[in-house]
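**Student:** So Swiss-Prot says this about it:
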- 18-38: transmembrane segment (TRANSMEM)
- 88-175: domain 'Rieske' (DOMAIN)
- 120, 122, 139, 142: [2Fe-2S] cluster binding site (BINDING)
- 125-141: disulfide bond (DISULFID)
C-alpha cells in the first residue's frame, strides 16, 4: 500500500512539473511574441528628433511673422508691434467666438512674441499672415479670420489657433515642444 501511495505522489509531482514547464514555455513565448509589437508603439528616432526644435528670434523684425516646421506642422512666430498688442488686449471677450485673453496666449514678459500652430481649426488649411479684416490671419479655404493674437473672429473655425508648448531659453531663443 505504501508503494501505491508513493506512485500517486510521484505522478502528481511529475504532472505538476509538466504543467509548470509548459506554462513557463508558453509565457516566454508570449513575451517574445508581444515584445516587438509593444516596442513598435514607441516613437521612431526621426519623430523623437523632431519632437522639439530651437528657434533663434534675433532675425525676426518687429511686425514680422516667420513660419517654422515642428512635428510636420507649420508654426507661426510673430514679433508683434506695441500697437498690435494693445489692439488685441482691447478686444472684449464677448466679441470672440472662442474667448481667450491675449495675455493667456503669450508668455509673461515676452508679450510681443506670439507662437501659434499655423493650421486653421476648421478643416486644417494653412492661414495667410497679416491678412483679413483683423490684420491677423485669413484662411483662404473657407474664410475664417483670426486677429493679431490668433483668436478666431469670424468664419466657420470653432477654435483659436493653437499655441504649442514652448519655453524661452533666452530672450532671443525659444524651444518649441
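Every residue gets a Cβ built from N, Cα and C, even glycine.
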**Student:** At the level of the C-alpha atoms, what whole-angstrom distance separates residue 122 ([2Fe-2S] cluster binding site) and residue 141 (disulfide bond)?
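**Tutor:** Here the two Cα atoms lie 9 Å apart.
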**Student:** How many helix, strand and coil residues does the domain 'Rieske' (88-175) contain under DSSP?
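**Tutor:** Result for the domain 'Rieske' (88-175), in helix, strand, coil order: 10 helix, 25 strand, 53 coil.
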**Student:** Counting Cβ atoms within 10 Å across all protein chains shown, which of the binding-site residues 122, 142 comes out on top?
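**Tutor:** The most densely surrounded of these binding-site residues is 122.
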**Student:** Please report how many Å separate the Cα atom of residue 142 ([2Fe-2S] cluster binding site) from that of residue 125 (disulfide bond), as a whole number.
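**Tutor:** That separation, Cα to Cα, works out to 9 Å.
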**Student:** Give me the sequence-ordered set of same-chain residues, not including 120, 122, 139, 142, with a C-beta within 8 angstroms of the centroid of the [2Fe-2S] cluster site's C-beta atoms.
**Tutor:** 121, 123, 124, 125, 127, 141, 143, 144, 155, 156, 157
**Student:** Between the Cα atoms of residue 139 ([2Fe-2S] cluster binding site) and residue 125 (disulfide bond), what distance do you get, rounded to the nearest Å?
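**Tutor:** Residue 139 ([2Fe-2S] cluster binding site) and residue 125 (disulfide bond) have their Cα atoms 7 Å apart.
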